[in-house]
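The block underneath contains the structure these notes are about, expressed in structure tokens.
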Amino acid sequence: MMVPLAPADKPTSPRRIAEGDTVVVYERHDAMRAVAVRAGGVLQNRFGVFRHDDWIGLPFGSKVFSTAGGGGAGRGGGGKGGGSGKAGGGFVHLLVPTPELWTLVLSHRTQILYIADISLVVAYLELVPGCVVLESGTGSGSLTTSLARAVAPHGRVHTFDFHEQRAASAREDFERNGLSNLITVNVRDIQGEGFPEEHRAASDAVFLDLPQPWLAIPSVSLMLKQDGVLCSFSPCIEQVQRACEAMRSCFTDIRTFEILLRTYEIRDGALKSGTADEEATVGPLPQKRRKFTASGEKMGYAQSNSSILVRPCSTAKGHTGYLTFARLRVSDSQTES
Amino acid sequence: MDPPPPPAIPREAWEGCSVLLDINDGDRLAFFRLTPAATVKIGNKTCSLQPLAGRPFGSLFSVGADGLVPCAAADAPSRDDSMQDGADGQAQDETRDNRSLVDNNTAQNLSSDDIEAMKRDGATGDEIVEALIANSSTFGKKTVFSQEKYKLKKQKKYAPKVLLRRPSTRSICETYFKKSPARIGFMRVDTLSLLLSMANIGPYSDVLVVDMVGGLIVGAVAERLGGTGYVCSTYLGTVPSSIDIIRMYNLSSDMVSRIVQVPLSELCSMQSSGNTPLVLNGSTEGEVVEPVVVQDEDAQASLAQAVDTADEKAQLSTEQTTEMEVSKPSLDVQDENSSFECKGGDGDSIASKSKPGKAPSPEKMKYWNEHGFSSLIVAAPGHEVESFVADLLPLLSYSAPFAIYHQYLEPLAKCMHTLQVSKRAIGLQLSEPWLREYQVLPSRTHPHMQMNAFGGYILSGIRIQSEQVSHQ
């Protein structure tokens, strides 16, 4: 279960992989996919051919091997100890789907939000179990899934998209992930029509990812409970400016952020000492580790094995969008004694 | 028909709840508990906090002759006032600049004696501000933006406003980060949010936590569990580290009952019974090891906590000392002086029967020993983490995510390397979140001039089975 809805669904319950389950197949840190387990099913990837039947009954988190060419138990050839990744001895891990993994494996029908933006949105919207949150547009359902977890088991996410096909695809995804009790998907043009009257003064939070969010702001002010929180996500600063302008009359505490993640890579190796005769290079270090100079002296690699080098990765996301948060002003009638 | 469930988020302050007061638009932030005797000092006036009980969170108060008085939002500082004059204002402004404005203290015609006299005559703060503007010889020459700034500055001094805020994970973290970041290991709000997402905190989770940041994580996780699942806060040595910050969260008694504390040695020994004895790498110290940085900066806090713990044991539910603000000028956030426990969301003033930090039942321990925890968060910003992560990981279920916070990169890099080599985890990622805030105003949009450049590092991953799998 991507989001447990009852104590029996808890993540630590002794569940085994069963037919019909969705598992996240982890191939490499940058290669994962969601697979629906079915009897007789087969997964083919760069590491080999994997039979779903081998998975059924295993605990989540298991490492499974591909069937070697010509059938057999997949342990053909010697020494698979620890999984060496040799050709023909390929393996993958079968993981429990979580909202974070789902964001990484779902099919992109639109540009999606990633974990950095998602986590800040959930925290800044102050979502706790039992909350009611409105969202538009649904897009590919990346954020929606995390919103569902935040309000589960008794809260609700009402999500709206004006694109009928995308709404249907999202609805299917949520159904398959066991989230239909938490999420309602509706086809509606929020910019043109606003949110439905039935949600008036009933929402703890609203999230907008729309091309012209300022058109929806007046409706949002009617949907939120007092002190409720709005978030508007926009890629362009002009959109942000217009949205903030529209917020000023009914909202306070208007704050706009950017959040990005910088990742680091590590390397086990030592840098060369200053007495090296060879030219310093910026190539891979480990190969040169044990070389000696002409005079037979060690090149200063006397340090212990715990020299782990770490530096930022050179690729990074430069921008996703601006996140603007605001609180619904407490109405004047509330402040009269 | 069943009564409707209580709302997920309480929208009004109640007697005995914990509140966050925002004085003058973020200039001063402090936590208080709304007990009958609670007061706040603004300027040289001490005001009772009683007028706040029953008021909606988000309400604004001004300081009147008799204390705090609700005031309408329209009186709020005009930070949000865009240029009402629109095009006119703009055209006029383009011809204005500050070439003739000389800062030599002669622009204001009212003296401080004049102002005192006005106060004695009963002038309101806003009237004084208007008088100051009227008596300023340079006001009219300023740009509209500059005039706004001037007015705001005078309002803060003569007509301070108090905003009643609801404590939540976000506001508690931001307040501590601003006022005493060392206490929470310099964990910024976006970093905390990431930890909660990366560790898949959701309902019915059994979350294992090492919280050496005052209880910020335990409180945040308990809030997200909403009364389901468990937060098992484990600690090295024999004395649990303080988790007093959870008292800011207004957790219901259901949520509080989900918080348990157990020494790591006990969790590990349960694990190893029947197997070869587990060597506890970093946890053989008999005493709790508090991070050095925190101890240095918060000796005051530690002292207050020690007093508080003793009082809690005595279960004094009628204790009247409720001021949570220490009058040290540099440390506005001080929340441990209150020995008055109130967790009920219904105004119940009796200390909750289920105290946080009790030991887990043997059944729960057995369950966790067999099935593992569903995720792990570690926040021990003053410790080497590699060794006790090695002890903690086997306590998780397979496919359980974990997120480890640190204020230094090297310990996490070492830990990541060890996990890669031992192949006990996949999806390893070492990240640093970057957060930048923007000022968005007409013709004045740009990032804030001040920026926080560091909010911590996170090592995240997923625990996996490291042995071979049988196909049969």
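Keep in mind that glycine also has a Cβ here, set from the backbone N, Cα and C atoms.
These figures come from a predicted structure and were not determined experimentally.
According to TrEMBL, the S-adenosyl-L-methionine binding site annotation covers A:SER140, A:GLY141, A:SER142, A:LEU143, A:ASP161, A:ASP189, A:ASP209. Under the DSSP three-state reduction, A:ASP189 (S-adenosyl-L-methionine binding site) is assigned to coil, being neither helix nor strand. Taking Cβ-Cβ distances under 8 Å and a sequence gap of 6 or more within the same chain, the neighbours of A:ASP189 (S-adenosyl-L-methionine binding site) are A:PHE162.
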Query: What's the most sparsely packed of the binding-site residues A:SER140, A:SER142, counting other C-beta atoms within 10 A?
result: A:SER140
- prompt: Going along the chain, which residues six or more apart from A:LEU143 (S-adenosyl-L-methionine binding site) have their CB under 8 A from its CB?
  reply: A:ILE112, A:LEU113, A:ASP117, A:ILE118, A:VAL121, A:GLU135, A:PHE207, A:ASP209
- request: With a 10 Å radius around each C-beta, find which of these binding-site residues (A:ASP161, A:ASP209) has the fewest other C-beta atoms nearby.
  value: A:ASP209
Distant-in-sequence Cβ neighbours of A:GLY141 (S-adenosyl-L-methionine binding site), under 8 Å, six or more positions away: A:LEU106, A:THR159, A:ALA170, A:ASP173, A:PHE174
